[in-house]
Structure formats: C-alpha cells, structure tokens
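S.K.: I grabbed these lines from Swiss-Prot:
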| type | residues | note |
| --- | --- | --- |
| CARBOHYD | 51 | N-linked glycosylation site |
| CARBOHYD | 57 | N-linked glycosylation site |
| CARBOHYD | 160 | N-linked glycosylation site |
| CARBOHYD | 234 | N-linked glycosylation site |
| CARBOHYD | 244 | N-linked glycosylation site |
| CARBOHYD | 304 | N-linked glycosylation site |
| CARBOHYD | 373 | N-linked glycosylation site |
| CARBOHYD | 381 | N-linked glycosylation site |
| SIGNAL | 1-29 | signal peptide |
C-alpha cells in the first residue's frame, strides 16, 4: 500500500500502532491510500473510519473484502481490472466522496448491505455485473451514473433528491423504479436500456433537463416543473401523460415515438424553447394542451395527424412549421392573427413528405460536444452491443441531430 501524502499517521508496516486500545471508532487519516491487493486492504482492517480516499487503479486481484471499515470520508475508486469478480463492502455505511466501479470486465457482484449514503455513485463499463446488494438502501447520492452493465434492476437505490441521474446502455435493465425521488436538480437521462424498460417516478416534481429514450412504460404523474428541456425519443409509449406540469423552461420534443397515440399536458402553460413533434406515425391528433399560452421558440410539427388543438395559445416568439400527410387537416393559425411572431410560417396538409425546419440539421460532432458521452448515444468507451449495432445507429442519428437543434434554439428563440 502506498500513501500519496508526505503527512500521514501510519505506514503499511505500522498501521495498527496508532489504534489506542479500547478507543472507538478507530480513525485512520491520510489523504489517499493506493491499494493493489487484498493484503494492502487488510492493513486498514483496524480502521473503522478512513479520513481520506482509497483507490485501486489497475490490479490483478480477483476479489476484495473491506472488512471492518464503516466510513470513508473521501472517494472509494476501483477501476481497470480484468480479473476482479466480486467486491464486498460489508460494513461500509457512508462514502463521503465518489464510489466508483469502472472498467471491471469480470465484476459480477457488489455486496454493500450497510451502505446508505454516498456523495456520488458511478458504475460504468461493467459488462458482467448482474447483481448489486444494497440491502439497507442508498438514500443519498448527489450524482448517479449506471452505464453498460448487465443489471436487470436498480433495487436498493432509493434516492429522495439528486443532482444528476444518468442510466444508459444497460441492455438487461427492465425497470427504473424510484418511488421516493422528488427532485433532480440538473439532468435525468434514461436511454438505450432494455426495450421493455419501465420508468416509474411517481413522486418526481421538479427536474432540470430530462431525456427519456427507448422506454416502454412511464409514470410521471406528479411532475410539475422542468427547468430545462424535456424530450421523449424512440420509445414504444402509447400514452405520455404529465398532467401536472405547468412550465417547461426550454424545449419540449417528441421524436420517433412510433406507437404514440395520445398526449396529456393539460396544465402546461409555457414552453421556454421549441415545441416539436416528429416521426410519430400513430399520433392522429395533437391535443392535450388545454392551457398552453406561450412558446418562446418555434412550433415544429410533422406527421400524419388530422388536427392540432392549442386553444389558449396566444404567443409564439419563433416561427411555425406544421406539415402533415392528412388531407383532412385545417390549419388552426393564420399569419395575420399575430400569434406567430417569427418570420417562417408553414401550415398545410396533404404533404407527401413532411419536413422539419431547415434549422434541424446540425453536425453530429456538435451534438456530441453539447450533450457529452453517455446521454443519448452512449459513451465512447462503452462496451454495450447497442453502440456497435448498425440498426441502432441508423435509428438514432437523425433524432440526435434534431435534439441538438432543440437545445440550441431554446437559447436563441428571440432571433427567429
């Protein structure tokens, strides 16, 4: 074991010399402990509290047991090991910094029955991880990232609030059930997990940015405010119901939801960016926005719908593009009524090939730079089969480009 600071209380040879007989808890203090083997870890077996971080970066260990340690005030990071099959955090109840498991190709199980609080939980590129045991339940984590695992459930992760939640490229994950989650301050992304995945967030009230991609079942009945953008992409949802949302700070978009037949946003009053619906062939009517008054960006609807009902809409600061194949469509807007403030005004039916606005085309690299790895398309380092699938690439690319436009235009709507 190596200590990374010149100032420390003990070395690997005398770790127990500072433990005073009968004193509880036994506290070990050094900014960072670098471990490579179970023997290195055993040196800390008399420490109940580690005031610092424990890091394993490359190792050939096949299993790790953290024995008597109960609290780590810094980070616990285990990564870059092709042999490690199991990790037991038997007594650990709290990790003040980040708990990270990353690039552990054989890791099959994580056992942490007492763990309740972490600063940040990251589980990335663990292609054989099928089991996690968080028996007590993780109730606090500022950031949660679950990416490229074989987990089928996130049972044992039961947050009340968090800053960021990213759950992507877990091909066996069939449910994201967070019954007590009430707020996500920054980002909530669920993308490219099992096709039949169910996302249940019955108490969620506020969120920053939210992207729901390739989801089969969704529960957002209590959602009241989205501070950033809200997007539903490539899902098999038949009904999307957010009956209590009153405000969306940036864009709202529905793209590639081929089985979608109904929308319910009956309390929504304002959208701070673009409002887009595209590639949703089963959506025959666009309605369910009884109180929508203002759209700070543009309206861009394309599809097969026969009607658009926005009865309270009075102000669209951007342009209008409504194109449908239906011959029964009658445009609900007139350029002379003053509702549409932008320069572009397209609103017609019987269109053979409805097209989105020209502004929807952006370079794919620009999109990746904006949203980063592991949000819509997954991480560059991901081993997930989804990333390698040609079908997935063909299916998702145009929608990723459109999403870039939506996020960008929400900040520049006044220029349209």
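Keep in mind that glycine also has a Cβ here, set from the backbone N, Cα and C atoms.
The structure displayed is predicted, hence computed values, not measured ones.
In terms of burial and nearby residues, how do these features look in this structure?
M.R.: In sequence order, 27, 28, 29, 30, 73, 74 are the residues near residue 51 (N-linked glycosylation site), counting only same-chain partners six or more apart with C-beta under 8 A.
According to DSSP, residue 57 (N-linked glycosylation site) is assigned to a strand segment.
Mapped onto three states, the DSSP output places residue 160 (N-linked glycosylation site) in coil.
Taking the Cβ of residue 244 (N-linked glycosylation site) as centre and 10 Å as the limit, one finds 16 other Cβ atoms among all the protein chains shown.
Neighbour count (other Cβ atoms within 10 Å of the Cβ, all protein chains): 14 for residue 304 (N-linked glycosylation site). DSSP assigns residue 304 (N-linked glycosylation site) to coil, not to a helix or a strand.
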S.K.: May I ask which of the glycosylation sites 57, 160, 234, 304 is closest to residue 244 (N-linked glycosylation site) if we compare their C-alpha atoms?
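M.R.: Result for residue 244 (N-linked glycosylation site): the nearest of the glycosylation sites is 160.
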S.K.: List the Cα distance (Å, whole number) between residue 234 (N-linked glycosylation site) and residue 304 (N-linked glycosylation site).
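M.R.: Rounded to the nearest whole number, the Cα-Cα distance is 17 Å.
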S.K.: For the glycosylation sites 57, 160, 234, which one has its C-beta crowded by the most other C-beta atoms within 10 angstroms?
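M.R.: Max Cβ neighbours within 10 Å, all protein chains included: 234.
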